Amino acid sequence: MALLEVRDLSVVFKRKGEEPFTAVDGVSFDVEPGQTVGLVGESGCGKSVTSMAIMGLLAKRGVKVSGSAKFDGTELLTLSDKQMRDRRGQELGMVFQDPLSSLNPVISIGLQVAEVIERHRGLSRKEASVQAAELLDKVGIPDPKRRLSEYPHQLSGGMRQRALIAIALACRPRLLIADEPTTALDVTIQAQILALLAELVKETDTALIMITHDLGVVAGLCDEVNVLYGGRVVERAGRHDLFRVPRHPYTHGLLASIPRLDAPRGERLSPIRGSVADNIPWTQGCAFAPRCPNAIDTCVEVTPAMEPDPVVAGERLLRCHNPVEPADRVEQEILT
Amino acid sequence: MLRYTIRRLLQLLIVVGVLSLLLFAWLRSLPGGPVSALLGERATAETRARLTEELGLNDPIFVQYIKFVGRALSGDFGVSTGVQPGDPALDIFLQRLPATLELSILAIIIAIAIGIPLGYLAARRRGSVLDNLSVVSSLIGVAVPVFFLAFLLKQVFAVDLGWFPTAGRQEGGIDATRVTGFFVLDGILTQEWDAAWDAFVHLILPAVALASIPFSVVFRITRASVLDVVDEDYIRTAESKGLTTPVIRRRHVLRNAMLPVVTTIGLQTGALLAGAVLTETVFAFPGIGQALAIGFERRDYPVLLLLILCSAGVFVLINLLVDLSYALIDPRIRTRGGGH
């Protein structure tokens, strides 16, 4: 049994006077202890909403969550608010995208780290502060004792993200969700933060769900990758398999749209046509069909199911009627 | 911080100085004048001329101003010609100041004690009956003129129902010892509980009338501010830590939501005097506001000048206090320019 088993998770937003909007539409995946699983896709593909649903952070009103998310055998979706609060910060940690807005501007860094220890470990403020300093040291913040009394605006972007990681890992959670943890940072800092996450996760055998739109992050960190489109997983494979032979036209498009230094001069980037705004629900046919270069008649008529890849060997699931032929693949040197 | 405070206090002196000049010129340019006010319409031209000469009103205006400043610096702001004729203006001010302070403090306490919790609740239950009712009542609070509300409260609760006294600061028959000039405080200090209670009861209706606008503004700002803050990313972070709701509310929501509210409270406190002129007049409450109203009616230049100058000074001082307290709550302001 996996540490986290997500089955057929759906999230529907219902606002008064508006059509219900299905943000997540039957997502399933597993995360094993020590494993890093990537959720990849463009903005609006449902990756963040999936993580918020697992964490129980979605609003109570106007949102309908269905399906199942079992953590260590316990169904998270039906837990009471109090039971969920007991687990958040304790067994489930989360790192957010924008470190400046994710830290409270008027509370010292020390208290923001200590309060989560205080809450779950039942320590006094003083004992928790000592541990907070140790944590800041561990995530690579220099002079941690002095930092305790400083405020978010006094830290650099990278330091803030380190502080957020310290908060998320303070109680040694068994599952960590990182929601685009490097998007708001400089490229050089991004690499540092990713290395730090990878190191900490390995050291403590923590399961990590990495949410990102950045395939470089996936290549560097994830063991298994789920590519999401329109609220559904369209392709799942180990990272090597995925990068070597992207089978779903969407995955293929994502990889092909990365600018490459070794491309011949003058060659244009090949973006994916259209935008997620053209999103159609998965009611009939494939939601990606309108943007898909490989679309055939079946694609608009029959909704594809998630099935093992009929051609390429390996553990891969695919939701596509007309996958990209392995020969067409773009050479991926990211991995080599 | 200290240097900042000193600089602001120097600014205060400049403000009061410039204002005194403007006021002096403006008051002199008003039609009528102290002579007519003192002597009435039927005085002979001869008596008028003599009084005008005695009051120094024949001197050029800048000579009058310089004389005024010279006397003012030694604590002599002239003698009242209309509010309490014959009394030094400074005495009138000092004697009435506690009354208005008492009234204003109670009004601000009412505004804060109801406005902030109600604003928080309304925001958390947005769209509920409570929310809609309080938004409407705050609209009424801003829209209804203070004097009208004062009259209404007086008519209903003092005249018709007889629950509260109709006017004044204290019943004449009560034997009260004066210590500070704050009647409620005096009663408590001397343990004359009946005097303290009576003075308090006299404050209630005028304070409620005076509180109507600050309450409405504090309520609306609190509500809007809480609505903003609960959607902030750091509240989601606090939730992701599994903190309990009371801790999130106190430590994360309210502290941030209070920043704009503190500014509002400061501005509203400064603006209370405008309301006090009306409320004190309606309730015959012997404070600064009433003195201003009477002073304008009777062209009592010395009293008007002193009261307006002091009010301006208080306004600037309150703003300074607000800025300082802001630095206490918001670390981003505290460290700006200092140390880092």
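Cβ coordinates are placed from backbone N, Cα and C, and glycine is handled just like the others.
Keep in mind that what you see is a predicted model, and the values were worked out from it rather than measured.
Per TrEMBL, domain 'ABC transmembrane type-1' is recorded for B:97-326.
Below 8 angstroms of C-beta separation, residues 61, 64-65, 68-69, 72, 301, 304-305, 308-309, 312-313, 316-317, 320 of the same chain, each at least six residues beyond the ends of the transmembrane segment (B:9-27), sit close to that stretch. Look at TrEMBL and you will find B:9-27 (among others) tagged as transmembrane segment.
Here TrEMBL flags B:103-123 (among others) as transmembrane segment.
The feature transmembrane segment is assigned by TrEMBL to B:135-153 (among others).
Sequence-distant contacts of the transmembrane segment (B:199-219) (same chain, six or more residues past either end, CB-CB distance under 8 Å): 102-104, 106-108, 110-112, 114-116, 118-119, 122, 134, 137-142, 144, 146, 149-150, 153-154, 157-158, 164-165, 168-170, 176, 183-184, 186-187, 261, 264-265, 268-269, 271-272, 275-276, 279-280, 282-283, 285. As annotated by TrEMBL, transmembrane segment applies to B:199-219 (among others).
TrEMBL lists B:257-283 (among others) with the feature transmembrane segment.
TrEMBL lists B:303-329 (among others) with the feature transmembrane segment.
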Given the transmembrane segment (B:103-123), which of the listed stretches B:135-153, B:257-283, B:303-329 has the most Cβ pairs that are under 8 Å apart from it?
B:257-283
Let me spell it out: take the transmembrane segment (B:257-283), skip the flanking residues so only those 6+ beyond its ends count, and list any with a Cβ under 8 Å from a Cβ in it.
100, 103-104, 107-108, 111-112, 116, 119-120, 145-147, 150-151, 154, 166-168, 205-206, 209-210, 213-214, 217-218, 221-222, 225-226, 228-229, 289-290, 292-293, 311, 314-315, 318-319, 321-322, 325-326, 329-330
